[in-house]
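K.L.:
Just passing along the structure, written as C-alpha cells.
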Amino acid sequence: MVIKMAGAVVVLLLVSGLRVEADGSNHKYKERDLVPLYANKVGPFHNPSETYRYYDLPFCSPDHVKEKREALGEVLNGDRLVDAPYELNFRVDKQSKIICQKKLTKEEVAQLRTAVLKDYYFQMYYDDLPFWGFVGKVEKDNKEDPNEYKYLLFKHIHFDVLYNNDRVIEINAQTDPNLSADITEDKEVVVDFTYSVNWKETDIPFEKRMDKYSKSSSMPQHLEIHWFSIINSCVTVLLLTGFLATILMRVLKNDFIKYSHDEESVDDQEETGWKYIHGDVFRFPKHKSLFSAVLGSGTQLLAIALFIFLLAIVGVFYPYNRGALFTALVVVYALTSGIAGYTATSTYLQLEGTNWVRNLLLTSCLFCGPLFLTFCFLNTVAIVYSATAALPFGTILVILLIWTLVTTPLLVLGGIAGKNSSTEFQAPCHTTKYPREIPPLPWYRGTIPQMVMAGFLPFSAIYIELYYIFASVWGHKIYTIYSILFIVFIILIIVTAFITVALTYFQLAVEDHEWWWRSVLCGGSTGVFIYGYCIFYYFARSDMSGFMQTSFFFGYMACICYGFFLMLGTVGFRASLLFVRHIYRSIKCE
C-alpha cells in the first residue's frame with residue numbers, strides 16, 4: 001500500500017513538474033485570440049534570490065488579481081505568475097494603448113524610486129516565452145552627488161512579437177526613456193501607463209523558438225573557454241595518471257620484490273613500510289555508524305548527480321523550462337533514498353555494527369538535517385522580506401508528504417535489503433588484537449595539510465567551469481552545454497579517486513594505518529575548496545548585496561558544498577579501499 005501511494009505521488013510530480021505546456025494549450029492561435037501573458041516577479045537585477053511579486057510595486061493592477069496555478073518546481077524556483085495588465089491579441093498591432101491612469105502617493109513614489117535605484121527588473125511570460133525589462137533608470141549626467149541624480153519611471157512598454165503561421169515565436173519588450181515619469185521628488189505624481197504592440201512574421205520554426213536563449217552559452221568564444229577547461233582538466237588527469245603509473249606502481253613493484261625476499265630471509269631483515277602494518281590496516285574505523293552514514297549519503301548523492309546529468313543530456317532542462325530542475329531534484333532524491341539505506345546498512349553491518357536502525361536514522365538526517373535547518377532559517381528570512389523565495393505552507397506540506405510517503409519508506413526498504421544481503425568484510429589480512437602505535441610524523445603528514453593537497457588538484461580541474469555555473473545559478477546567464485559539464489564531472493571523479501589513492505599509499509608507507517577516515521576527508525576536501533571559491537565569487541565576481549541575498553548565497557552554497565564533500569569523500573574511500581585490498585592481496589600476510 002505504501003509503495004503504491006509513493007508511486008502515485010512520484011507520477012503526479014513528474015506529470016505536473018516536468019510539463020512544458022501551460023494550461024494544456026497547444027500554442028496555436030487564430031487572429032485576435034488572446035495569448036496568455038503572465039507577470040512573474042520583480043527584484044534587484046544583481047540579487048537573483050531577492051524577488052517579489054509583480055504587484056508589490058504600485059503598477060496598474062486589475063480589480064481581482066488571478067494567480068496562475070504553479071507546479072512544485074515552479075514554486076521552489078520562486079515563480080509567482082499572475083495575470084498581466086497588457087492585452088496582446090494574436091497578430092493585432094496597437095499604438096499607445098492606455099492601461100490606466102494612476103495617481104502615485106508620496107510613499108509609492110519613494111518605493112518606486114528605491115526600486116529604480118536598485119536596478120529593479122520585471123519578468124513576464126508570453127505564451128511560455130520569458131522576457132524582461134527594467135522598471136526605470138537613474139540619470140546621473142556626470143554628477144557625483146547622488147542627491148542631484150534624476151530618477152525616471154518607465155511608463156510605456158513596446159512589444160515586438162514574431163509569429164510563424166498560427167504560433168508565437170519570439171517576443172521582446174523595450175522601454176522608452178523619452179516616455180517616462182520623473183519621480184525624483186517626494187510628491188504625488190499622476191502617471192499614464194501605456195503600451196504598444198507590433199507583430200512581424202518570421203520563418204523560424206516553432207520547435208526552435210527556445211534556441212535564442214541558449215545561444216549565449218554556445219557562442220564560439222565561450223565554447224573555446226569550455227574546451228580549454230576540459231583540456232586543462234584532461235592534462236591534470238594525464239599528469240596524475242602518469243604519476244601513479246611511473247612512480248607509485250614502480251615503488252609498489254619494488255615493494256613486492258623486497259617483501260618476497262623478506263619471506264625467504266625473514267630473520268635477516270625486519271619488515272618496514274606498508275607491509276609492517278598489515279595487521280592494522282583493516283582495523284575498522286572509529287564512529288562506525290557515522291562512517292557508514294557518510295558512505296550511504298555520499299553514494300545517494302552520486303546517484304542523484306548521474307540521474308540529473310542523464311535528464312539534462314536528453315533535453316529535459318532546456319532554458320526556462322520553469323521548475324523542471326527543482327522538480328527533478330525532489331523526485332530523484334526521493335527515489336534514490338533506498339540506495340542510501342542499502343549502502344549505509346550493509347556497510348555498517350560489515351563493520352560489525354549492532355544498532356542498524358539507529359544508523360538508518362542517522363543516514364536519513366546526515367544531509368537532510370543541515371539542509372532542513374538551513375531552509376527553515378532562509379525561509380524565515382524570505383518571509384520577513386515578503387519575497388517570492390518564501391515557500392507557501394501548502395508547498396512545505398507537499399515536501400513533507402513526499403518525505404513521509406516516498407523517501408522514508410524507500411530508505412527503510414533499502415536498509416532492510418542491506419541487512420538481509422550483508423556479508424562479512426573482505427579483508428586479505430587478519431587484524432591483530434591490539435593496534436600498533438603510529439610513529440611520530442612531520443606536520444605535513446597531518447590531516448589538514450593532506451586535505452589541502454588532496455583538494456587542490458580536483459578543484460583546479462573544475463574551477464574554470466565553476467564560473468559559468470555560478471553565473472547561471474546566481475546570475476542571469478544561461479548554461480546549456482551539459483555534455484561538457486558531464487565530462488568535467490567525470491574528470492572530477494577520476495582525479496579525486498587518483499589523488500586519494502596516492503595519498504593513501506604515502507600514508508601507509510610511513511606506517512600510519514588510520515586511513516579510513518583520512519580517505520573520506522581527503523576525497524571530500526574539494527567541497528571545502530569550492531566553498532572558498534564561493535567567497536571569492538561573491539566579493540570579486542558579483543554585485544550581490546543585502547542580508548537576504550548574502551544569507552541565501554552562503555547558506556545554500558554551504559549545503560551544496562557539504563553534499564560535494566559527502567559525494568567525493570565516498571569516491572575517495574571506495575577508490576582507496578580497492579587499492580588497499582589489491583596491494584595486500586598481492587603479498588603473503590602472516
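Cβ coordinates are placed from backbone N, Cα and C, and glycine is handled just like the others.
Fair warning: this is a prediction, and the values are worked out from it, not measured in the lab.
Sharing the record's features from TrEMBL:
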SIGNAL    1-22  signal peptide
TRANSMEM  225-248  transmembrane segment
TRANSMEM  290-318  transmembrane segment
TRANSMEM  324-349  transmembrane segment
TRANSMEM  361-385  transmembrane segment
TRANSMEM  391-413  transmembrane segment
TRANSMEM  451-470  transmembrane segment
TRANSMEM  482-508  transmembrane segment
TRANSMEM  520-540  transmembrane segment
TRANSMEM  552-580  transmembrane segment
K.L.:
If you count every Cβ pair below 8 Å, which range out of 290-318, 324-349, 451-470 shares the most with the transmembrane segment (361-385)?
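P.N.:
Comparing 290-318, 324-349, 451-470 against the transmembrane segment (361-385), the winner is 290-318.
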K.L.:
Can you tell me which recorded stretch out of 290-318, 324-349, 391-413, 451-470, 482-508 has the most Cβ pairs within less than 8 Å of the transmembrane segment (520-540)?
P.N.:
451-470
K.L.:
Is it true that the transmembrane segment (290-318) and the transmembrane segment (482-508) have 3 or more Cβ pairs under 8 Å, skipping pairs fewer than 6 apart in sequence?
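P.N.:
Contact between the transmembrane segment (482-508) and the transmembrane segment (290-318): present, because at least 3 Cβ pairs are under 8 Å.
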K.L.:
Residues of the same chain, at least six outside the transmembrane segment (324-349), with any C-beta under 8 angstroms of its C-beta?
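P.N.:
Result: 6, 10, 13-14, 16-18, 71-73, 76-77, 288-289, 291-293, 295-297, 299-300, 303-304, 307-308, 311, 316-317, 356, 359-360, 363-364, 399, 402-403, 406-408, 410-419, 421-422.
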